[in-house]
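**Student:** Take a look at this one; I'll ask things after.
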Amino acid sequence: MALSLRRRLPLLALLLAAGGLRAAERSSGSSSAMEELATEKEAEESHRQDSVSLLTFILLLTLTILTIWLFKHRRVRFLHETGLAMIYGLIVGVILRYGTPSTSGHDKPFSCSQEDRPFTTLLVNVSGKFFEYTLKGEISPGKIHNVEQNDMLRKVTFDPEVFFNILLPPIIFHAGYSLKKRHFFRNLGSILAYAFLGTAVSCFIIGNLMYGVVKLMKLVGQLSDKFYYTDCLLFGAIISATDPVTVLAIFNELHADVDLYALLFGESVLNDAVAIVLSSSIVAYQPTGENTHAFDAAAFFKSVGVFLGIFSGSFMMGAVTGVVTALVTKFTKLHCFPLLETALFFLMSWSTFLLAEACGFTGVVAVLFCGITQAHYTYNNLSVESRSRTKQLFEVLHFLAENFIFSYMGLALFTFQKHIFSPVFIIGAFIAIFLGRAAHIYPLSFLLNLGRRHKISWNFQHMMMFSGLRGAMAFALAIRDTATYSHQMMFSTTLLIVFFTVWIVGGGTTPMLSWLNIRVGVDPDQDPPPTNDSFQVLQGDGPDSERRNRTKQESAWLFRLWYSFDHNYLKPILTHSGPPLTTTLPSWCGLIARCLTSPQVYDNQEQLREEDSDFILNDGDLTVTYGDTTITANGSSGPHTATTSLDGRRTKSNSEEALERDLGAADHEVTSRGTRLVFPLEDNA
């Protein structure tokens with residue numbers, strides 16, 4: 001009996017062990033199932049919160065649009081749509097910050113004293129299972145137990161790359177695509193001076209003044225971490241990016257002086273591009289030696305080279321993409337399928353930004369010049385439906401993206417968890433911006449007036465000084481890097497500056513226009529008539545031709561230098577307009593000219609000849625010009641180059657006529673291809 005029992009004990013132990021193993025397996029399986037169920041619930045909750053956060057911004061935009069309609073209906077101008085979007089964002093930010101409960105946290109700090117730097121990705125082994133964690137940023141020791149655990153606040157805090165890769169491209173492209181060439185090129189030299197030289201001056205003045213403010217903060221004990229001179233210069237570059245969207249919208253609504261509008265719009269468009277490249281150059285400043293923030297001549301010139309290289313490379317990339325799109329739309333029959341044509345145009349334009357960023361250039365510069373190139377070349381190849389679609393598409397995207405950014409600004413004032421507000425730094429920043437803008441506008445205007453035919457008056461200068469608002473670009477540059485103490489303080493200050501300039505300065509635009517006696521209600525398509533013309537144009541579009549002639553004479557000489565080349569060669573190669581290449585290229589290039597010239601060019605020429613041939617009149621003092629041929633009173637004809645009428649007066653050349661046509665009627669052109677009847681008048685001088 002005892003022997004039998006002893007024999008059965010190992011078997012019993014084995015059975016008990018097997019039962020325990022099965023129970024452990026069932027327990028482990030049950031635990032694994034519970035973990036999977038919990039993971040699914042967390043994923044479902046995360047998806048729900050993502051939907052709520054996106055719905056919040058959509059409702060913000062919807063409310064903004066309805067309020068904008070109400071303001072326009074009531075003719076309210078003291079608050080622009082962007083300021084309204086910021087107010088709604090502030091309200092929602094307050095609700096999310098203080099009206100939603102915080103979730104319970106499970107954070108447990110671990111010490112990794114052996115590591116001298118943080119890792120962007122961390123793999124943690126928990127009971128044989130590996131979990132991946134990503135770096136969210138540094139937390140100061142005093143706030144390690146006060147980390148906000150509100151998941152909703154984290155959901156509505158977007159990755160800064162969202163602004164650069166999704167929201168900025170349509171805003172910048174629309175600025176280049178909707179550019180009014182006539183007034184822009186009339187003031188091209190002044191715009192380039194304000195955008196390049198002025199932005200650099202403003203950056204260095206603000207940077208040096210803020211370095212003095214930082215030294216003062218260190219003396220009074222309000223600086224708790226490092227703040228280098230290069231950080232001050234970076235802040236100067238960020239805050240030098242002007243965005244007078246409020247002022248320009250009011251100018252457009254009131255039809256303010258067109259030259260003032262062109263100066264402000266052109267400066268803001270190119271200024272954004274210069275500011276972002278300038279900030280990249282400052283970041284690239286890396287002196288050799290122990291002190292990496294001291295002045296080093298070699299590093300300085302390297303940064304200058306980086307600036308020139310990035311800007312020129314981005315410019316070329318944007319222009320090349322526009323040229324490729326123009327060639328594709330010219331030599332294919334995509335115009336027969338407007339939907340495909342519009343889709344290709346959209347994708348090629350947007351890919352310019354991403355391509356430039358992927359190659360180490362600046363997407364803002366690339367997409368800006370891509371927009372200008374698309375408007376100058378590709379637009380002529382599109383079908384009528386695609387022209388309307390592309391204009392409306394990018395206008396809607398620009399409107400939504402811009403208002404989304406301003407709504408997020410209001411939201412970020414309460415949802416961003418790393419704000420550092422310093423009263424001394426904020427007050428110093430406002431003073432530095434005022435002085436930097438003054439040093440930017442007044443000295444440059446004085447120098448430009450020395451060579452301008454139409455001077456930039458004092459009231460124009462005061463209005464440009466007043467209109468130096470900060471907006472989407474400054475915010476996007478500031479939020480892109482908030483990892484350090486200095487950058488967090490710069491971001492918080494930039495946010496307050498944008499609020500102040502949009503609300504206060506934007507709201508005071510209309511009274512300032514009245515106080516400075518700046519013309520409003522101006523027709524942007526008409527100029528005062530010239531005082532000493534020698535010709536009188538007797539045709540229905542006579543004032544239009546007169547205006548184009550004046551535009552050509554007042555266009556910047558830099559633009560006029562390359563225009564002849566563009567009209568005779570680039571336009572015929574890239575579009576269906578311009579003279580045939582067989583008439584502009586040398587005879588030995590005949591094969592290439594015939595291949596690159598589209599049949600539409602010849603059709604347009606023949607149509608023009610047939611339409612105009614009925615208007616030939618016989619009169620002693622009459623010169624009739626049509627197509628590429630000039631018929632004088634004696635019946636002689638010749639190529640339409642610069643010709644002289646019977647009384648010795650010079651008529652316009654083909655390239656000059658095209659220049660007037662391109663500049664004068666770029667945006668609302670209704671082409672009249674009839675014969676111009678030009679009668680010489682007697683000089684009374």
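These residue numbers are counts, starting from 1, taken along the chain as shown.
Every residue gets a Cβ built from N, Cα and C, even glycine.
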**Student:** Looking at 261-280, 341-360, 361-380, which one does TrEMBL call transmembrane segment?
**Tutor:** 361-380
**Student:** Apart from its near flanks, which chain residues at least 6 from the ends of the transmembrane segment (233-251) lie with a Cβ under 8 angstroms of it?
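**Tutor:** Counting only partners 6 or more residues beyond its ends, the transmembrane segment (233-251) has Cβ contacts under 8 Å with 77, 80-83, 199, 202-208, 210, 260-261, 264-265, 267-268, 271-272, 275-276, 278-279, 282-283, 402, 429, 432-433, 436, 467-474, 477-478, 490, 493-494, 497, 502, 505-507, 509-510, 513.
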**Student:** Need a quick answer: max count of Cβ pairs under 8 Å to the transmembrane segment (485-506), which of 162-179, 191-213, 305-329, 392-414 is it?
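**Tutor:** It is 392-414, which has the most Cβ pairs under 8 Å.
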**Student:** So are the transmembrane segment (392-414) and the transmembrane segment (305-329) touching or not, going by 3+ C-beta pairs under 8 A with a sequence gap of 6 or more?
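**Tutor:** No; fewer than 3 Cβ pairs under 8 Å.
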**Student:** Tell me, please, if the transmembrane segment (460-479) and the transmembrane segment (191-213) are in contact, taking contact as 3+ Cβ pairs under 8 Å between residues separated by 6 or more positions?
**Tutor:** no
**Student:** So which of 83-100, 191-213, 305-329, 361-380 is most in touch with the transmembrane segment (420-439), counting Cβ pairs under 8 Å?
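**Tutor:** Against the transmembrane segment (420-439), the leading stretch is 191-213.
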**Student:** Can you work out which residues elsewhere in the same chain, 6+ from the ends of the transmembrane segment (83-100), have a Cβ less than 8 Å from its Cβ atoms?
**Tutor:** 56, 60-61, 63-64, 67-68, 71, 150, 152-153, 156, 246, 403-404, 406-415, 499, 502-503, 506-507
